[in-house]
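Report on the structure given below.
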């Protein structure tokens, strides 16, 4: 959960800001100069909300909005089609997600979260659509929900299971996705001859976001199709940003080829202090992992896949000749652990492990053996048949460990193999790796990881904004997309504007209820389980 010092710092900071703002506005001598200063710099302060608006970028926005009119017309027309499709698609996705969540709750046999179509990861906006006064894209005090597609690096909630090390990526991706979203609205509005008043950025508690300020009267006077181009531009730009980030991620090995090579192993970039791999015979930053047991590792995906297979399958054994087995083993008392597994090493040694094997009579035998001497240069096996070679009597000896515990041989040449005993997931979560190996020593091993991680967050959060903002729900882009869509399509079927508005209201009510149900159940699934 969120650390108490962080909560105290955030609340204390906002209380200090709001108190200072209140005192300055209450002061007879400072009130006028303070309000002039806020007005000059476009600042406004309210509880847990700080906003900055400027006209500095107006010229740039107008240059973008008047650049190649035919291309922009085609660009935003495609965006309009995408926005309408996304509006209907988001309802289908939310409906399926809600059914999946309810099924998991009722059966009490939850599937892996990766099987779900959408996953709640954050509550609070980075952008949205709200025609309030003449502002476009700012939803102050309304909690939006960001759902992440399957490309999400981790389905995480800040303060629940999002590491502090990832917060920079998270908030940067939210801000960039929000800015790109609002740039789409602003440029489309200028293209449709709607007056552009300014651009701004805000912070709500700790979440950053952006908005554009348009002249509402102009917006209401243009045709419904023109309105659709403007309202759909935000989700369209978020979709394009997600696709662009995916392309960079997909082409990253080619982009970094002059500086980094891939396909030779997984490069260790960080080992947590509490990791079982941290030690004199463990892994170090800069080591190149090439094998886990007999599973070859060419990149990070192979590392994760191999650990997954090791976790799901039973413990592998190692071929040991009968002579070596007799030489290394020593008498030991055999007893059963609470989980039913057998232990035969009672010397409290950190280097000896209890191994089980079967003889020709198929009786189960146990021997306490020095792990490294048994495993080094040994072939992995499942049965004694795997060890028959050169007519040398051999046995397949298997570590007798507690349930879910595995003995894993990690090859990272030129160093001696690391022998890991524990749960495979603990090794996976406490060792960070990269698929990119620097060609020169002066190149950073962290740069490809930073680019990869940031691209994944952009894909996830920009995709989230595209999906969520398209939902026909109050205070989201979907509200205005729906209203304009109904005006453009139903004006001939439903003549009375009041009746069209009633239809729109009922659809928005249903969409809001669907979104709220997903939010409540989704957050419960993330935090309560």
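Glycine is no exception: its Cβ is also placed from the backbone N, Cα and C atoms.
As annotated by TrEMBL, transmembrane segment applies to 6-24 (among others).
Through the fold, the transmembrane segment (72-95) approaches residues 65, 117-118, 147, 184, 187-188, 191, 225, 228-233, 235-237, 239, 466-468, 470-472, 477-478, 481-482, 485, 511, 514-515, 518 of its own chain, all at least 6 residues removed from its boundaries and within a Cβ separation under 8 Å. Per TrEMBL, the feature transmembrane segment maps to 72-95 (among others).
According to TrEMBL, the feature transmembrane segment maps to 136-157 (among others).
If you look up TrEMBL, you'll see 169-189 (among others) marked as transmembrane segment. Same-chain neighbours of the transmembrane segment (169-189): 61, 64-65, 72, 76, 79, 122, 125-127, 129, 136-137, 158, 162, 196, 199, 201, 206-212, 214, 219, 229-231, 233-238, 241, 453-454, 457-458, 460-462, 464-465, 469, counting only residues six or more beyond its ends whose CB sits under 8 Å from a CB of the stretch.
As annotated by TrEMBL, domain 'Peptidase M50' applies to 169-509. When averaged over the domain 'Peptidase M50' (169-509), pLDDT in the model lands at 91.
The feature transmembrane segment is assigned by TrEMBL to 196-215 (among others).
If you look at the transmembrane segment (235-257), the same-chain residues 6 or more away from its ends with a CB under 8 A from one of its CBs are 76, 78-80, 82-83, 86, 151, 176-177, 180-181, 183-184, 435-436, 448, 451-452, 455-456, 458-459, 462-463, 465-466, 469-470, 477. The transmembrane segment annotation in TrEMBL covers 235-257 (among others).
Taken from TrEMBL, the feature transmembrane segment covers 457-482 (among others).
Marked as transmembrane segment by TrEMBL: 502-526 (among others).
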